[in-house]
Each structure stands twice: as structure tokens, then as C-alpha cells.
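As annotated by Swiss-Prot, transmembrane segment applies to 3-23, 333-353, 360-380, 387-407, 431-451, 469-489, 528-548, 853-873, 875-895, 897-917, 953-973, 984-1004.
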Amino acid sequence: MKFFALFIYRPVATILLSVAITLCGILGFRMLPVAPLPQVDFPVIMVSASLPGASPETMASSVATPLERSLGRIAGVSEMTSSSSLGSTRIILQFDFDRDINGAARDVQAAINAAQSLLPSGMPSRPTYRKANPSDAPIMILTLTSDTYSQGELYDFASTQLAPTISQIDGVGDVDVGGSSLPAVRVGLNPQALFNQGVSLDDVRTAVSNANVRKPQGALEDGTHRWQIQTNDELKTAAEYQPLIIHYNNGGAVRLGDVATVTDSVQDVRNAGMTNAKPAILLMIRKLPEANIIQTVDSIRAKLPELQETIPAAIDLQIAQDRSPTIRASLEEVEQTLIISVALVILVVFLFLRSGRATIIPAVSVPVSLIGTFAAMYLCGFSLNNLSLMALTIATGFVVDDAIVVLENIARHLEAGMKPLQAALQGTREVGFTVLSMSLSLVAVFLPLLLMGGLPGRLLREFTVTLSVAIGISLLVSLTLTPMMCGWMLKASKPREQKRLRGFGRMLVALQQGYGKSLKWVLNHTRLVGVVLLGTIALNIWLYISIPKTFFPEQDTGVLMGGIQADQSISFQAMRGKLQDFMKIIRDDPAVDNVTGFTGGSRVNSGMMFITLKPRDERSETAQQIIDRLRVKLAKEPGANLFLMAVQDIRVGGRQSNASYQYTLLSDDLAALREWEPKIRKKLATLPELADVNSDQQDNGAEMNLVYDRDTMARLGIDVQAANSLLNNAFGQRQISTIYQPMNQYKVVMEVDPRYTQDISALEKMFVINNEGKAIPLSYFAKWQPANAPLSVNHQGLSAASTISFNLPTGKSLSDASAAIDRAMTQLGVPSTVRGSFAGTAQVFQETMNSQVILIIAAIATVYIVLGILYESYVHPLTILSTLPSAGVGALLALELFNAPFSLIALIGIMLLIGIVKKNAIMMVDFALEAQRHGNLTPQEAIFQACLLRFRPIMMTTLAALFGALPLVLSGGDGSELRHPLGITIVGGLVMSQLLTLYTTPVVYLFFDRLRLRFSRKPKQTVTE
């Protein structure tokens, strides 16, 4: 009583306290960062190593394995995967959430140093690492195009000037430059001319290397002067290499230009990048795992004018893709939804109270509670994201509940003729415990979520804490500001209604009277209601088991990623043509705004595409509908497949794949893995629950297998090293010398001119100079035949691995796909030597599925404990919790009706319903107990009176919560796929709960009261005590 009086009779102090809360909230709001979702990125580090010309199997055994053994000893590594292809190895380390990425980076560097002695000596550089996840979609893609400069020159500008500067921007984790390679002098050898001149490929390599040398020459001095010695020992351009003498034949000089075509070209000609059908260099920017995407993008944009000034005017620097516009648009949609929710909730209060003065009170208390929450969010290090803003939207219905309960009870006393200040004090005292019980039991629902580990726990933490803080501030405001405003603003007389609202008032009275009559009938037929309650419990279980489930709603971020997978024996020229063909098909789609892509590098038969869709208000289809439409057109392209997927804000795992979900096969027997992977992939491709099934197992590449006749080689005076050196010189794009320039270093690359390597007959033109100086054709001591060879070798941990990726067809859920895969694996009879498990997002979904039921039970148990403590009773909490089954049925039925799978967002809705619907029962039980103790009423009379007296506030609180959630259901635009499941769950649960709990709660109350009397030996003595 004294606590409430302190604020009611000191209005200035109460107002200033509320103003202080509001000002702190406004300040916190201005300083809060913006993000699509809470920070849930796993710390990921990528280790890269190269050995030019080495086969994938050689890279896996001699480079990947030693590094994996050393890196695997690092503490906190949750997953380690590697992929080895021609000349390169990439190892992805994913760490536990609580692992500091900078400390992990130091451990990674130490592990690389420890493995250095076990790595091949021919590696051109030490392995390097980056603090970025290569499987993440870039947050921004920049393109360089020019009609004047070559692709190599553009790549040089991008990698030498732009990429290092961008990498220094806060939040940037990696800048990957693609579409070409650094400039280089290329020496294209003519095998026939070499043979005619008696010059070996090693002779050319040695001559070029010796002609371009950068060594210190020293200085000359006399008594008074000093001269630095400088020579023309370096060759910089193709024109300078052309006249280089490499050999003498019969006294005549053989120059490099006589046996080769020397050009200013690029280091690797098997690279191509494009943007909207125009050749381009791509700068793909990824953020650090802990960085804020909006802040990072804004920092990059602010740097762009400076970057443009560092490159020539003839080079066009453009933003081809930017993830931030859709994120900003999504947050604007949520903010609008929040404002609409507040307006609807205030409208509900106005309709029920039919008083402008009374409506002003929640119209003030609700914003104070919501705005004050921003200060706590800032102190907790949170961000303004879809989930935290949705928490505030839902909180609108909660925070007004507290004000409604207090306001309605005070208004009831005023209508009875009590003076305003007395009514405020008396009314607040009566419902103070009710409001406290409602708020504490609601916060108790979220305690299990706060203790939840892994990605789901991290994802829901901001939502949970934000909502709990809003409820806490609302509790304070409803017991301080609300009664003070009631006492000083409301009048003792019954408010005069406007004519247009009298109809609503009469309808409410009629509803209350009708409810009273139906409740009497129900209380006389309690067994029927008991059967209905048991039926809802059984229906809950059946619906939960049968409803499709997924991890997180599929988002439409306005960005698609595409992975091209062509025949494993395809040439680079043909692959570049496939890239152009696919880009044309996609560019012609009316919903597409921009297309960029690249191919080449160590994997000739693959490519990547990044597609920016038009804004949501300029297209009628969702991203998935656009993918479905394009899938039909892309399937007509022969010789290659393009797999599209919508970029998601949450992506788990470091392995790059061509689809959203992964199923990984592991085995210590590589032969068994290669035997069973095609069988499993073909089986999964037939399942209707899966789409775009593909695999990263590339073991069917074309190979030319050379078999040396060692006896013949010995007789001819040729060793294996000379033969291997010949092949590397001819076909390996061998880097034979380095050109030093002020800003960068460039290579001299030697190989047989591509004009002479169009078919297998090129091998017949190769020869080796033996120890007697004679030219011996390769065909004299070697035989060759076509064979198959892997294009890549993948590991997970230290086991061989193949990952099958898949998307979900329209209308299918991740639970459908998971169950179908499990059935298929059982039907195939896969041996125990091959182990299958879900990876990435699918793995997190499996883990979440196993904990969902436990989480719901834990929430109910927590609420029971809190209510038991508050009521000092084992029974009354059960009465209150009896409202939950009907809410569960309503939520699950609503999801089924809207074809929405049960996701993590829907789980939040279920948890919220546990907190919302029990409020009705709390108000009934509180007043019934009060009537029994002080009104000398029987339990049936008490609960009947409580139901009628609390009918108006129950309807108000339920409709307030319903209207607060309704904008989530009806909202469109960016991010609506996240809001819809939450709104559908809450609205469906509230509607069903409101229809049933008004009748089931009093029946359950009477049932437990009779049960208590039956088992109580001395009820009278207990009452006396």
C-alpha cells in the first residue's frame, strides 16, 4: 500500500522518473547498431596453401593432411573441413561460439608453423589464413570494367590498390579478387621449332631465368665519391624477352622469338569474370564473423570516392551487389509494424473503455515501456534487428496488459462512485499481486531460452532479453505511472460515451451476459468440458508430430547465389561459354536487376554467380518463386547445371556448396566412399522431398595417364626427373622467373602454345634432351592412355568426405527431407564403413528438433514453479497452466492452415503463448480466491463471479495481444517471411485459447478444489489456521 501511495501522491516525481526512462531509451536507440539478425556467426578461419601443378590427390596427402593433423589439435575447433584441387588446398576451421577469433588466429598460425617442416619443399609460399568464412555470401561485390585497360591490368589495380585498402576497413574479413589474374609475360613454345633447333624446354627455362636476375651489384668509391653500380640485368616486357638468345645452333643464334610466341598477358589465362555480359574484375567482400554488416557496408561506401581517385578515370568502379538495402528495408517494415501494433492496441483500449481520458493513460505507458527498453538493449550490446524489433512488437500487447488490468480495476471503482485518488490506491492494491504474477510468470517462460546453448540459444537471446526487459519496465510503469495518471486524470463519475461507441458498449454487455448464461451451463456439464480438454491435449501431440518442421524460415533477401557444375572433363573455353549462356538466361528474367559471375582457377568445371533481384515493391514473386521459374529454363542448357539458392542471413558451416542444405558422407576407406556416393546421390535425386541434388565429389575428371618404360629410359640416358620437368614445362603454366616492379611482382609463365595442345597428339611432339645431347621423343619411352582422376579431394576431420547438397522444393519442409534421406539410406543398405550425417544448417536443425520438446516442458515447469511460489500452492498453478493445450492447438492449426512449417520462429510463438494465455486464468483464479476468502462464497460461486467480473479485462488483454500480433501476419515487404510465422502462431493460439479457456479454466478450478477437499483430512481446521 505504501509503495503505491508513494507514486500516486507524488505525481511530479513519478512523471520525472518516466521522463528519465524515456530519455535513456531515446539515447540508447540512437546509439544502437543495425543488423538483420543477432550476431550468430561462428568464428571461422580459412587456411590456404598452394603447390602449382600438383594433382588434387597430391595436395590432399602432402599438404592438407599434415596441416590438418596440426590444426586439429587447436582447442575449441568444432568442425574442420578441407578441399584439395589442382595446385591448391583450402582448410576451413569452425570454432565454438565462445572462442575468441583473434586468439584462434594465433593458434592457427602456430599450428601452421609447426607443420611447416612436413610440407613439400617446392611450395612457392607458406600457407596463409584469413578470418572469414568462404561459404558466406559476400556483403558487397564491386566490379571493375574498362574499354581501355586489359583484364590483367584491371586485376592488377584491384589486387594491388583496391583490395589492400578495403581489407583495412573495420569489419572486413576478406576481399577475394576474381575474374582474371595478375599481368605476366607468357612464353608460348612451338614444339616443332624447338625440335628443329635442338633446344629443350629446360634450356629455354634456364635461359629465361638467367637473363632476368635481380641481384645487388655493390658500389665503387674513391677518396671523394661513391658510385652505385646498376646494370640492365632485368627484363620487364615481352618485347625485351623476344630477342633473348637461348641457344646456338651451328654457330647461329637461336632467339626466344624463333621458338616461341612471347606476349604481355596474364599469369593464369583460365580465369573469367563478367557482370551483365561484360568482362569484369570482381572484388567479393566478406565481413569478419563478429562484424556488423550495416556498419561495414557503410564504411566501404564511404571509402569508395577515395578508391575511385586511386585508379585511372578510364576504369569504371561500380557496386554490383550490396546486401544492405534489403536489410534496411526489412527493418523499416518491422518498425512500421511496431507503430501499427501500438496504434491498434491503443484503439482496443479506447473501444473497451470508451473514454478519451482513460485511453491517454496506456497511450503514455506503452511508449514509455517500449522506449525505455532501448537503453537496456544498448547496455547489453544488442542491435536493432528483425528479432529484437519483433520482440518489441509483441511486447506491445504485453505491456498494455499490465496497464489495462490496473486501469480497468481503477475505472471499476470510479464507476462505483469512489474518489479518484482513493480508487487509484485501492484498485492498484487489489490487482498489484495479479500484475506481479502475470509479469514474473511471463518472464519465467523465457528462462529456458536464456539457458539454451548453441546457435538457437545465441539467436534467441536478444529476443528473450529484449522482451523480458520490456515486461519488467512495464511492470514498474503499470504500478507507478499508470495509477498516478488514473488518480489525477480520471473523474469519479461514469464517463460519457460518444454515440458511435454506444453500440460497442451494448455489444460488450450482451457478450458478457451471453457468456454468463453459457458458463452456467458449462459448470453443470463439467465432464464434457473435461473430455474436450483431454482431447485438446491429445490433438496437440498429434499436430506437433505431424506438422512439417524446418530450422528457420526461408528468407527473401533479394540476393541469389548460383553454383555452376559442368561435366568434369570440360575445357575452360567451353566452361566460359556456359557461364555466358547461363548469365543470359538469368539476365532476361524480368525480376533480375544485376548478374555477376566468374569461372576458372583450380576448378575449371565450376563457376559462381551472384544475382541481385529487383526490390520487393518492383516484383510480385518471392525469391523462391523466381528460382522455381528459372530452374525450368536452366534445365534446358546441356552439359552443365546451375543450382540457385536464396542467400540467407544465417548459414552454418564452412564448406561451400551449390545448395542450402548438406548431407555429408564420411569414410576411412576412400574406395568405399567413391563407390557408394554416386549410388546415394542418384537415390536422393529421385526423392520428391529434395531438389537440386548435387555433390562435391569430383572423381571422374579426364586424365591422361603416362606410363614410363624405366628400362628404355635408362638405356636412352633419361631420368624420371627430366621427363617430369618436361611435362611441367610444357603444360603446367610454369612460373620460371619474376619481374619486379615498384608496386608489385609479376611472373614469366612458360608453356607450350595453346595452338599446339588442342588434342592428345601434342604429347607426340614432346622430346627430352638426353645426357648425350640428343633429342629423344617422349613416345620412345612412355605410353599414355585416357583415365579418370579426381578433380578434388575433400576431408572432414581426418576422414575422406563427400557432401551431397540439396534444396527444398516448394511445399516441402526440412523435416520432410530429413526423414526421406534417412529412409533412403536404410533402403540402400549402406555399409558401416560409410557414415552419413547432416551438416551445416541441417545439422543444427536436427539438434534443435531434439531439444524443442524438452524446451517447452522446461518452460512450463519453470512457470509452474514460479506460480507455485507466488500462490503457495501445488494446485492453483495447474489450473492456470490448463489454458495451454488450447493455445497450442490453435497455433499449430493456424500454421497448417497457412502452410507454414514449424520453425524456430514458430517455437518462439509457442513460448510466448505459454506466457500470454495463462494471464486469463491468473485473473480468474486471483479473484476467485479473494472471493472465497473474504466473500464467504462457495468455489462455484466464486469462480463464476470472477469470470464475469474479469470478462472485460480478459477480453481487453487478449484482443490487445491479438491486435499487437496481427500486423505481423498482415505485413508484407522485406522480411515478412520472418514475421509471418510468429504472428500466425500467436493469433491462432489466442483465438483458440480465448474460445476455450473461458470455460475450461473454471471447470479445472472446481475439479482441483474438489480434489483438494477429498484428500484433505481436516479442511475446517486448515481454514481456521
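Every residue, even glycine, has its Cβ placed from backbone N, Cα and C.
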Distal contacts, the transmembrane segment (333-353) - CB-CB under 8 A, six or more residues away: 359, 362-363, 366-367, 370, 386, 389-390, 392-393, 396-397, 400, 404, 407-408, 411, 495, 501, 504, 508, 952, 955-956, 959-960, 963-968, 971-976, 979
Interface check, the transmembrane segment (953-973) with the transmembrane segment (387-407), three or more C-beta pairs under 8 A: yes
In contact by Cβ distance (the transmembrane segment (528-548), the transmembrane segment (3-23); 3 or more pairs under 8 Å): no
Considering the transmembrane segment (528-548), which listed stretch of 431-451, 469-489, 853-873, 875-895 counts the most C-beta pairs under 8 Å: 875-895
Recorded stretch that, among 431-451, 469-489, 897-917, has the most CB pairs under 8 Å to the transmembrane segment (853-873): 431-451
